[in-house]
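**Q** Structure below; questions to follow.
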Amino acid sequence: MNLIKHAAFAASFQGETDCTSHASARKFSTSGSSPLLDSTEGNGFKGHSMLAPFTAGWHSTDLEPLIIERSEGSYVYDSKGNKYLDTLAGLWCTALGGSEPRLVKAATDQLNKLPFYHSFWNSTAKPPLDLAEELISMFTAKEMGKVFFTNSGSEANDSQVKLVWYYNNALGRPNKKKIIAQSQAYHGSTLISASLSGLPAMHLKFDLPAPFVLHTDCPHYWRFGLPGEAEEEFATRLADNLENLILKEGPETVAAFIAEPVIGAGGVIPPPKTYFEKIQAVLQKYDVLFIADEVITGFGRLGTMFGSDLYNIKPDLVSLAKALSSAYVPIGATLVSPEISDVVHSQSNKIGFFAHGFTYSGHPVSCAVALEALKIYRERNIPAHVKQISPRFQEGIKAFAGSSIIGETRGVGLLLATEFANNKSPNDPFPVEWGVAQIFGAECKKRGMLVKVVGDEIAMSPPLIMSQREVDGLVSIYGEALKATEERVAELRSKKK
């Protein structure tokens, strides 16, 4: 019964957008546990009272949740004493692994000194001031002028839209308000950031997306490249489509374009060659701002301090979160270029104040932990470590790409996804009820490794502190789980015949 329910849950995330096919729209199933392993029917589980994010209702009544009690380095330990290699670093975020003593000390010291003070009305604490300076110094792809603090990446992206609107209103352009995002990208789950997310499941039954949000092509060459179309030609076509969309809507109405350097939660999709070069040319032509969502790619994930460094992105605004504090405490940030921050400054003087903020904006404990995290990234040269170790990770996993059940393995740095496909074709998915990725995830879990299952894919984004030995162990478990999954798929194929 649970397997049927789980298939229905995965299927509920299917849907179509302008750029998604029947197969690609299957991606955003967010259940990471397998009913084959976690079913608690008949064992006395009474359910729980938490309305859990991205979780089907029946999970809270039929499935005992995986309860993680502690972490150490790249590993987490559940309530039953099982040890797992956490290949998603929580939710793409515990970059420095579990229980880093320097971060714990930074939090404790700040809690003892000043557990909270706000940043309203020209009052603040020292940690947010210091952190803002550090972030402006650290982000070098383009000069930034100011930093606004939030509590999450969702809030950061939400705030970006408000800043863009405020900016255009100040310049006397009240109609320049539309935001263009990519189909299949994920930007958060607030009202605005969920609208920006190009995933049907984020919109279904929520009356989203908001009418001011438009979506353009997903830059996934393997899935959407035309027969005989080179990667650079694919990028040109997508840039042309973006330009046509801007012209159709009217450049005077389009305010900004938002993109991750590498699409993360929407499927781990690195951009095709020349993509951002061509996209930025279009944006500059029509005076459209570029918001770089670096929530996942920031602080070394791709082997550079920021994804913008790797892909030569020159954004006007930047969103940060997750690894900003290695997820030890909630914090996000928006970086704003001087061209925009100067206008915001001037407009706020005319109005009387900048009327946007949160109680916890620049929380001193969060900022103190983030400051220590930034010190560690620099002192240990985490981007260089990722650059050194990521070939072992990428090549180790991609060595299995010839498997008959793998359609594509893609990634960069310590960010990777494997997409399962029948006959290795992007247009020939496995039947939903087979739950191929779920089977793989369950086999990994049996062997002491957690991966994220996303529809027909599994995703990995391990802690940036992983050792070569841990990478080798990850690759070994991946291979064993793949072999077991191939055997199960062979059984399912034979039954289907």
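Glycine is treated like the rest: Cβ placed from N, Cα and C.
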**Q** Of ASP293, ASP309, ASP316, which does Swiss-Prot put in the pyridoxal 5'-phosphate site with GLY153, SER154?
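**A** Same pyridoxal 5'-phosphate site in Swiss-Prot: ASP293.
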**Q** Among the binding-site residues listed here (GLY153, SER154, ASP293), which has the Cα closest to the Cα of LYS322 (substrate binding site)?
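**A** It is GLY153, whose Cα lies nearest.
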**Q** Just to verify: the residue among SER154, ASP293, LYS322 with the fewest other Cβ atoms within 10 Å, which of the binding-site residues is it?
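**A** With the binding-site residues SER154, ASP293, LYS322, fewest surrounding Cβ atoms within 10 Å: SER154.
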**Q** Near the pyridoxal 5'-phosphate site, what residues other than GLY153, SER154, ASP293 in the same chain have a C-beta no further than 8 Å from the centroid of the listed C-beta atoms?
**A** SER152, GLU155, ALA156, ASN157, HIS187, GLY188, SER193, VAL295, SER319, ALA321, GLY332
**Q** Using DSSP and collapsing to three states, where does ASP293 (pyridoxal 5'-phosphate binding site) fall: helix, strand or coil?
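**A** Assignment for ASP293 (pyridoxal 5'-phosphate binding site) reads strand.
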**Q** How many other Cβ atoms are found within 10 Å of the Cβ atom of TYR186 (substrate binding site), counting all protein chains shown?
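**A** If we count other Cβ atoms within 10 Å of TYR186 (substrate binding site), we arrive at 27.
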**Q** Name the residues of the same chain, 6+ apart in sequence, whose Cβ is under 8 Å from the Cβ of GLY153 (pyridoxal 5'-phosphate binding site)?
**A** HIS187, GLY188, SER193, ASP293, VAL295, SER319, LEU320, ALA321, LYS322, GLY332
**Q** Between SER154 (pyridoxal 5'-phosphate binding site) and TYR186 (substrate binding site), find the distance joining the two CA atoms and give it rounded to the nearest Å.
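**A** Just about 10 Å between their Cα atoms.
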